[in-house]
Protein chains: 4
Amino acid sequence: MTEPAPTGPPADVVALRRDLHRHPEVGFTEFRTASRAAGRLADLGWQVAAGAPVLDADARLGVPDDAELAEAYQRAADSGADPRYLPALRGGLTGVVARLRGSRPGPVLAFRADLDALPLDESDADEHAPSRLGFRSGWAGRMHACGHDGHVAVALALADRLIDRDFPGEVRLILQPAEEGGRGGAAMVAAGVVDDVDVFVAPHLGMGLPTGTICTDVAGLLANSKLRAVFRGAAAHASMAPEHGRHALLGAAAATLAVHTMPSFSGHQTRVNVGALHGGTVSNIVPDRAELRLETRADDGDVNAELERRVRRMLAGAAGTYGLDVDVELIGAVTTAGNDPAVTAALGAAADRIGVTVGAPGAGIGSDDATAFMRRVQDRGGVAGYFGIGASSPAPHHSGTFDLDEAALPLAVDLLESLVRNQTVPE
Amino acid sequence: MTEPAPTGPPADVVALRRDLHRHPEVGFTEFRTASRAAGRLADLGWQVAAGAPVLDADARLGVPDDAELAEAYQRAADSGADPRYLPALRGGLTGVVARLRGSRPGPVLAFRADLDALPLDESDADEHAPSRLGFRSGWAGRMHACGHDGHVAVALALADRLIDRDFPGEVRLILQPAEEGGRGGAAMVAAGVVDDVDVFVAPHLGMGLPTGTICTDVAGLLANSKLRAVFRGAAAHASMAPEHGRHALLGAAAATLAVHTMPSFSGHQTRVNVGALHGGTVSNIVPDRAELRLETRADDGDVNAELERRVRRMLAGAAGTYGLDVDVELIGAVTTAGNDPAVTAALGAAADRIGVTVGAPGAGIGSDDATAFMRRVQDRGGVAGYFGIGASSPAPHHSGTFDLDEAALPLAVDLLESLVRNQTVPE
Amino acid sequence: MTEPAPTGPPADVVALRRDLHRHPEVGFTEFRTASRAAGRLADLGWQVAAGAPVLDADARLGVPDDAELAEAYQRAADSGADPRYLPALRGGLTGVVARLRGSRPGPVLAFRADLDALPLDESDADEHAPSRLGFRSGWAGRMHACGHDGHVAVALALADRLIDRDFPGEVRLILQPAEEGGRGGAAMVAAGVVDDVDVFVAPHLGMGLPTGTICTDVAGLLANSKLRAVFRGAAAHASMAPEHGRHALLGAAAATLAVHTMPSFSGHQTRVNVGALHGGTVSNIVPDRAELRLETRADDGDVNAELERRVRRMLAGAAGTYGLDVDVELIGAVTTAGNDPAVTAALGAAADRIGVTVGAPGAGIGSDDATAFMRRVQDRGGVAGYFGIGASSPAPHHSGTFDLDEAALPLAVDLLESLVRNQTVPE
Amino acid sequence: MTEPAPTGPPADVVALRRDLHRHPEVGFTEFRTASRAAGRLADLGWQVAAGAPVLDADARLGVPDDAELAEAYQRAADSGADPRYLPALRGGLTGVVARLRGSRPGPVLAFRADLDALPLDESDADEHAPSRLGFRSGWAGRMHACGHDGHVAVALALADRLIDRDFPGEVRLILQPAEEGGRGGAAMVAAGVVDDVDVFVAPHLGMGLPTGTICTDVAGLLANSKLRAVFRGAAAHASMAPEHGRHALLGAAAATLAVHTMPSFSGHQTRVNVGALHGGTVSNIVPDRAELRLETRADDGDVNAELERRVRRMLAGAAGTYGLDVDVELIGAVTTAGNDPAVTAALGAAADRIGVTVGAPGAGIGSDDATAFMRRVQDRGGVAGYFGIGASSPAPHHSGTFDLDEAALPLAVDLLESLVRNQTVPE
């Protein structure tokens with residue numbers, strides 16, 4: 001191989017993560033991230049597929065509009081995207097699957113790493129390590145604030161470790177776009193990328209766990225529905241003829257308050273949130289349009305469906321109150337899934353081997369569309385697990401000062417490597 | 001004069017208006033509009049001043065940010081702005097004053113024409129004449145929906161008529177930026193442009209009056225305060241730790257409803273409106289920032305001050321309710337003013353001379369910072385009037401299908417010319 | 001007639017008023033007030049009809065429930081009601097009409113006096129004259145806070161003056177229940193009590209006018225709709241199973257805010273108010289019922305109808321938002337009416353005769369179901385007027401410290417007497 | 001003793017319960033219930049104390065006003081209250097403690113039974129057993145809908161069983177007023193009634209458990225704060241001068257919505273509820289007063305304190321928004337407490353002895369101020385437990401169709417008796 005891998009010496013997981021951190025790309029715009037990962041994996045000898053073969057375009061939810069996709073594509077092209085793989089990703093087909101067969105027979109073991117960043121401004125405070133050390137997000141309004149940069153870096157570092165092929169069966173790396181919002185996982189499942197997987201594992205860094213620990217059995221993954229609601233009224237001059245207006249913001253404001261009055265459901269964990277409200281331009285026009293982005297979550301799919309039903313009723317009611325029309329669109333959906341004891345046990349054993357502490361089963365209260373993969377694998381007879389790898393952070397996930405303790409990254413690589421190499425292969 | 005005026009044959013008021021209509025520029029970005037008007041006036045022999053000498057930069061309210069100013073400046077430069085005057089306007093100093101002395105002694109008679117468009121999308125329906133006839137706004141999200149294009153065209157056509165100097169005293173054309181929102185008038189007043197004016201007249205096209213009529217005594221100009229309120233809370237993961245968030249949209253929503261519950265004031269015309277609310281990005285983050293744009297109006301300055309006081313209390317209360325901070329900034333302010341009978345009478349006489357019907361005194365319910373000029377002129381011993389020139393429109397001002405009956409434009413020029421030429425000059 | 005009139009020497013209008021003030025009775029419970037007035041009028045020789053003959057029971061709106069009627073009836077019986085007339089009023093038929101024919105031919109001239117008090121606690125402060133002088137309301141939660149005590153006292157004193165029959169035609173006194181809320185006037189109109197009236201006059205004391213003045217042309221009487229809305233949800237233990245509840249107060253609260261966001265209507269005076277909200281008992285039950293009392297007003301019947309339509313839409317929308325049912329009932333309705341110049345002129349002449357100043361035409365902004373009588377009289381060819389008689393008050397109508405300057409009472413009697421005696425009788 | 005016990009043959013627990021059910025009395029008005037229980041216990045030979053000696057009047061929360069207390073007192077006097085004990089209870093001192101020493105040394109074992117009913121209308125449907133069988137509440141607006149009638153009946157039946165004194169130590173029956181709302185327990189604790197208790201047990205019937213089972217370890221008892229908030233504004237005529245009003249209902253409505261937007265607290269069970277909102281009288285007055293009753297709950301005292309802090313902030317903020325004053329009063333407070341394993345085990349053993357099934361540890365989500373006693377006993381070295389005794393019900397607690405399967409009552413008596421007689425007495 002004469003061409004160097006694009007992002008530095010093979011195993012430097014920290015450097016990999018910092019490069020990704022500097023270049024955060026949100027869901028379905030991970031053109032640089034995915035193309036460079038695909039190129040590096042190919043250079044290492046993995047069999048790589050990218051774009052349409054591994055992602056059912058029609059099964060995606062909440063895809064950005066063409067202009068945003070085109071702008072992000074160009075930005076990636078200008079910022080070191082791998083030209084060998086970039087074209088395949090055009091239009092937001094930013095999924096990658098890489099396979100490597102081991103030197104002996106065995107099961108198909110798949111890891112999921114998610115590629116996307118969040119639409120947040122990253123802190124520029126000196127106490128924030130990425131800022132102080134110079135690898136803060138270079139792109140305003142986008143930030144790796146959930147550790148996915150670490151996930152991809154760990155996957156690539158693991159890929160490097162495994163090129164000796166000294167493991168049973170096949171290792172498959174699934175690089176998924178648009179985990180945030182539950183918009184990309186189901187599209188890769190629909191393309192069949194885990195249909196033949198025996199063991200599926202989705203690690204997540206951070207999760208409030210300190211470096212040096214893992215939680216092998218993260219429970220509490222919530223079902224999640226994400227909605228976009230557009231209220232439409234009628235514009236009018238706010239002073240000369242306010243009565244001719246139908247004020248979209250009043251409906252949107254009433255809906256925002258209403259959604260947040262959702263009661264707790266006894267015996268369940270439930271959540272609702274209106275995360276965005278945008279409407280109107282100037283102060284003297286009755287605004288004719290307002291848009292909400294909101295979500296529901298529950299630890300049970302039926303309860304989440306009931307929450308979604310009630311939210312839709314609230315949106316319709318608020319629209320009716322203020323004489324508006326409202327369109328509601330599902331833009332993200334995540335199901336629940338449970339961990340198989342076999343996976344939990346294998347993770348615990350790997351942790352023991354490398355000297356990492358296994359913490360108590362943890363009740364998360366987030367959502368992850370890793371569950372889409374898990375359900376498919378379990379439905380087809382395989383086993384699956386979702387687990388947390390401690391990486392101390394000074395701030396919670398999804399905040400502008402979130403950071404990963406980089407000491408956790410090599411531990412994560414070690415753990416996954418140990419899992420791969422020590423599989424019990426049924427006779 | 002060998003160089004042709006930039007926008008067509010001198011008196012073609014309709015062509016002038018259509019060119020302006022195609023190139024709408026919002027407040028303080030009227031770089032093309034103002035520079036071309038300045039150039040044309042200079043070419044006609046008027047004495048022209050533009051930018052800082054006629055506009056106190058610090059007295060402006062609600063100036064766009066530097067990026068928006070720079071982008072608009074460049075767009076103007078690329079679209080036919082007059083390079084002789086463009087640089088003087090840089091940074092949003094988009095005011096112009098032109099003077100022409102008549103052939104005999106007499107008073108200083110000033111006309112105000114406002115330059116700015118609105119941040120609206122113009123209709124592309126076939127029934128909408130500008131669309132059907134090909135002079136619809138070429139710039140998305142901006143539209144001349146209040147007739148200011150007509151005001152400038154009429155002023156320029158009048159300027160052409162008057163170059164024979166066959167009138168007493170001085171005629172002064174005041175081309176004002178940012179009338180919408182009451183952001184520019186006071187800045188020109190602060191620069192002294194009407195300090196020596198004897199008679200100030202501000203015509204407005206449309207106003208619900210049919211073509212062929214005028215209203216010489218528009219009353220009901222409202223005092224107006226425009227506010228920008230920024231709510232700041234704390235972001236958090238909406239599912240994992242919602243209790244750590246302080247939800248800026250809840251406060252903004254509660255404030256929006258609260259402001260609109262403002263009672264009517266007995267014996268007065270009062271108005272409030274929240275015209276814009278923007279906050280948050282994605283559905284699963286507790287949003288930490290939300291911004292409102294809102295206004296109050298009243299037919300009495302003290303009542304408007306009370307409305308503003310109550311709105312500020314509501315904003316503070318809603319912020320407190322949801323544990324937020326709020327900053328409130330005044331971004332526009334208009335006072336009230338009354339018409340002097342001398343001006344009303346002179347307008348009526350001019351209308352009679354040209355065969356235009358004088359309608360009943362009209363109670364408008366808008367605001368116009370022409371009142372800033374009127375008050376100054378009146379305070380210094382001059383007289384002032386604000387009047388409406390009928391121009392039938394299929395739709396109300398500030399809507400995407402507003403239009404001016406172009407037959408009104410030459411009538412308006414005739415009327416103003418008649419006013420200029422027939423002044424009674426005190427001995 | 002040997003039996004003395006029950007409430008004191010004939011013309012002591014102040015004593016009459018104080019007796020009434022001490023015994024305030026709300027709409028359709030004016031058993032003591034109406035029966036004693038009927039008795040006194042009969043004792044004076046007027047022809048008196050009370051109850052069903054002068055009031056269409058089915059045309060009443062917002063009648064109290066049987067228990068409240070019975071309790072009030074008993075209280076009246078125990079407090080000096082006139083037993084000759086009390087039984088006819090049972091069940092809330094508390095209207096009275098008295099007629100007296102003059103000594104010569106002429107028109108039928110009717111005066112309306114309203115009988116009812118308000119559900120308010122009267123101030124017990126020393127500065128409040130009724131309290132200081134010992135004629136404060138003796139019945140908690142009820143108060144003559146709109147001057148109707150004065151209206152009835154003036155009508156009775158006038159009745160005494162006129163027993164000489166030295167006037168043309170017929171004078172008719174219409175004592176109307178339940179003016180507050182617009183609930184009783186239409187029922188008397190429906191019974192035909194003004195069908196043959198030539199001139200209808202409704203005086204109102206106070207109205208912000210100083211003693212010694214009258215306003216002969218009160219404009220701005222607003223159309224008014226009063227509504228009762230009952231929201232019904234489902235109760236649940238607020239802690240153990242909140243999700244099983246449908247929270248009636250949330251819908252009622254959202255509706256309250258929504259109604260108050262009603263925009264002003266350009267060119268009109270409009271008003272909305274939610275005056276009462278009652279729901280729930282204890283803190284730990286999701287309340288299943290909430291009741292609103294609210295109203296709309298406008299200076300135009302069509303605009304008021306549009307307000308009512310929007311309010312009903314808001315109530316339905318708020319109910320839908322929170323999964324509730326809502327029943328909305330019209331419990332009061334008042335129309336608009338204008339004053340005939342003949343009446344206005346006659347009042348002005350009367351004022352001149354007795355030395356009372358005629359003020360400017362006044363724009364009230366209240367409602368009075370005198371308009372029901374006015375419309376009927378005008379529809380049948382008669383003339384009508386609503387006017388204000390100054391009676392200085394330290395506090396606004398409908399407040400706990402409202403009071404009438406009693407010096408206005410004899411002036412009012414003089415004015416009405418002068419009107420009666422000086423009618424121009426068409427040949 | 002020749003005088004028969006007032007409510008029937010000693011052990012007829014069903015008859016006792018039905019008599020109580022027919023005569024429901026809400027918190028601090030349990031004059032009939034408490035006096036008759038005291039009388040019966042005295043008649044059985046128990047040492048009885050009632051009123052001030054067992055209840056610190058100043059430590060009560062949410063005591064009804066004097067009029068309500070007096071009315072309830074009279075009603076009880078008229079309905080069979082025991083005149084020997086009634087006077088001691090006057091003013092809402094409705095606590096009773098009865099003691100009986102066993103025939104041998106041993107610990108002090110206390111049972112708590114709560115006396116109060118709820119302010120609910122009981123169903124009169126035929127399917128509702130108390131209605132069908134003729135022991136439905138005789139007092140409108142009050143109902144034993146939480147099983148406290150059963151608790152008292154069981155305690156009295158137990159008292160009868162134990163008069164042989166064949167048990168160690170002392171049995172103490174604590175009959176507590178005002179458990180609903182957490183208003184009475186702390187007042188009895190403050191009077192010292194459990195200061196010398198070794199074992200404290202609070203049974204609760206129902207709780208969703210089927211007859212024939214018990215839950216020996218009810219967890220999830222929530223800390224609870226109950227608040228009364230009174231908003232005060234200014235009244236005004238809603239049409240003539242709405243701007244002079246300060247609208248108390250708008251603030252109360254905004255507060256109601258705000259409180260219900262309280263986020264879930266991750267890792268905790270939390271609840272908020274606005275259970276009542278009352279304000280205003282008629283539709284045309286701006287209401288100047290509105291009252292809320294609301295509560296917070298959490299499975300952790302600190303979290304509940306934070307909820308209460310936020311609710312108070314919301315109330316203050318909503319008041320400020322609408323220019324109101326607000327007074328907030330704590331009217332109920334319950335803490336959390338845990339069960340001691342010794343008590344849990346003893347209950348399980350008793351259940352085994354009498355053949356009742358012990359269910360899984362249950363996570364309730366209610367509150368009970370039994371926790372006030374439990375904490376005091378535990379703080380002074382004793383042990384305590386709160387447990388559920390199955391009693392199938394067709395409807396949830398606190399609903400108008402709640403009922404107890406009466407077959408559970410003798411089982412409950414058996415269970416408690418077995419617990420009393422089989423205590424392990426430390427040597």
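Residue 1 is the first one shown; counting continues down the chain.
A Cβ is built for glycine as well, from the same backbone N, Cα and C atoms used for every other residue.
Because TrEMBL annotations are produced automatically, they should be read as predictions rather than curated entries.
What TrEMBL annotates here:
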- C:CYS146, C:HIS148, C:GLU180, C:HIS204, C:HIS398: Mn(2+) binding site (BINDING)
- C:229-319: domain 'Peptidase M20 dimerisation' (DOMAIN)
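Structural mapping of features recorded in TrEMBL.
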| residue | record | Cβ contacts under 8 Å, 6 or more apart |
| --- | --- | --- |
| C:CYS146 | Mn(2+) binding site | C:ALA117, C:LEU118, C:GLU180, C:GLY206, C:HIS397, C:HIS398, C:PHE402 |
| C:HIS148 | Mn(2+) binding site | C:ALA113, C:ASP114, C:LEU115, C:ASP116, C:ALA117, C:GLU179 |
| C:HIS204 | Mn(2+) binding site | C:GLY147, C:HIS151, C:VAL218, C:ASP368, C:TYR386, C:PHE387, C:GLY388, C:ILE389 |
Discussion item. Considering every residue in the domain 'Peptidase M20 dimerisation' (C:229-319), what is the mean pLDDT value?
Written reply: 95
Discussion item. Going by DSSP assignments with H, G and I as helix and E and B as strand, what are the residue counts for the domain 'Peptidase M20 dimerisation' (C:229-319)?
Written reply: 35 helix, 31 strand, 25 coil
Worksheet entry | Other C-beta atoms that fall within 10 angstroms of the C-beta of C:HIS398 (Mn(2+) binding site) | 24
Worksheet item: Going by DSSP, is C:HIS204 (Mn(2+) binding site) part of a helix, a strand, or coil?
Response: strand
Worksheet, complete the sentence: Expected list for binding-site residues C:HIS148, C:GLU180, C:HIS398 against chain D, Cβ threshold under 8 Å, sequence order, is C:GLU180, C:HIS398
Worksheet item: Does DSSP put C:HIS148 (Mn(2+) binding site) in a helix, in a strand, or in coil?
Response: helix
Worksheet item: Once C:CYS146, C:HIS148, C:GLU180, C:HIS204, C:HIS398 are set aside, which residues in the chain still have Cβ within 8 Å of the Cβ centroid of the Mn(2+) site?
Response: C:ASP114, C:ASP116, C:LEU118, C:ALA145, C:GLY147, C:GLU179, C:HIS397
Worksheet item: Helix, strand or coil at C:GLU180 (Mn(2+) binding site), per DSSP?
Response: coil
Worksheet, complete the sentence: C:GLU180 (Mn(2+) binding site), Cβ-centred 10 Å count of other Cβ atoms over all protein chains shown, is 28
